[in-house]
């Protein structure tokens with residue numbers, strides 16, 4: 001059984017998993033974008049686009065599951081078109097890529113890693129917004145937060161990060 005798949009490209013599977021990570025340093029501003037939601041904060045983030053770490057990590061997770069590189073390859077920071085761009089544009093692009101390849105989003109599990117801002121009051125809006133972008137039900141999207149317990153650049157309040165896992169599926173080759 002161990003040699004059953006040796007030398008074969010596993011393209012016939014009906015499930016794929018992708019993982020994404022993004023990080024941004026804090027900078028001037030009065031809010032951060034997280035999961036497509038404007039969250040008031042003592043500062044903004046240093047980024048070429050709107051710097052939404054959750055949506056950027058979501059893009060990388062989808063692109064990774066599809067084997068299509070990363071967000072920087074699709075939306076290079078050197079391209080002036082993406083200066084200050086709404087990260088929802090990036091998510092819609094990645095979602096279109098997966099739909100064109102007959103994949104659907106099964107679920108999204110996102111974790112924001114930050115000492116501040118506190119995101120609990122905004123989680124439902126994030127879940128609903130991400131669900132709309134991906135054309136899934138909000139219960140298919142989890143958004144939560146954790147801290148780094150005061151350790152590292154996040155613990156010192158210098159920035160924030162996010163990790164996202166996405167499950168893609170095909171239902172007997174039929175797109176739903």
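In case you wondered, yes, glycine gets a Cβ from its N, Cα and C as well.
For reference, Swiss-Prot has these:
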BINDING   22, 23, 24, 48, 49, 70, 71, 72, 146, 147, 148, 149, 153, 156  4-CDP-2-C-methyl-D-erythritol 2-phosphate binding site
BINDING   22, 24, 56  divalent metal cation binding site
SITE      48  site 'Transition state stabilizer'
SITE      147  site 'Transition state stabilizer'
Request  = Quick one: of 49, 146, 147, 148, which of the recorded positions has the smallest count of other CB atoms within 10 A?
outcome  = 146
Note = Row residue 48 (site 'Transition state stabilizer'), column other C-beta within 10 angstroms, all chains, value 16
Request  = Give the maximum pairwise CA distance in Å, whole number, for the residues 22, 23, 24, 48, 49, 70, 71, 72, 146, 147, 148, 149, 153, 156 listed as binding 4-CDP-2-C-methyl-D-erythritol 2-phosphate.
outcome  = 30
Inquiry  = Name them in sequence order: residues not among 22, 24, 56 whose Cβ is within 8 Å of the mean position of the Cβ atoms defining the divalent metal cation site.
reply    = 23, 45, 47, 51, 52, 53, 54, 57, 161, 162
Remark   = As a whole number of Å, the Cα atom of residue 146 (4-CDP-2-C-methyl-D-erythritol 2-phosphate binding site) is distant from the Cα atom of residue 48 (site 'Transition state stabilizer') by 25
Key: Helix, strand or coil at residue 49 (4-CDP-2-C-methyl-D-erythritol 2-phosphate binding site) [DSSP, three-state]   = coil
Ask   = Across all chains shown, how many C-beta atoms besides its own are within 10 angstroms of the C-beta of residue 153 (4-CDP-2-C-methyl-D-erythritol 2-phosphate binding site)?
value = 14
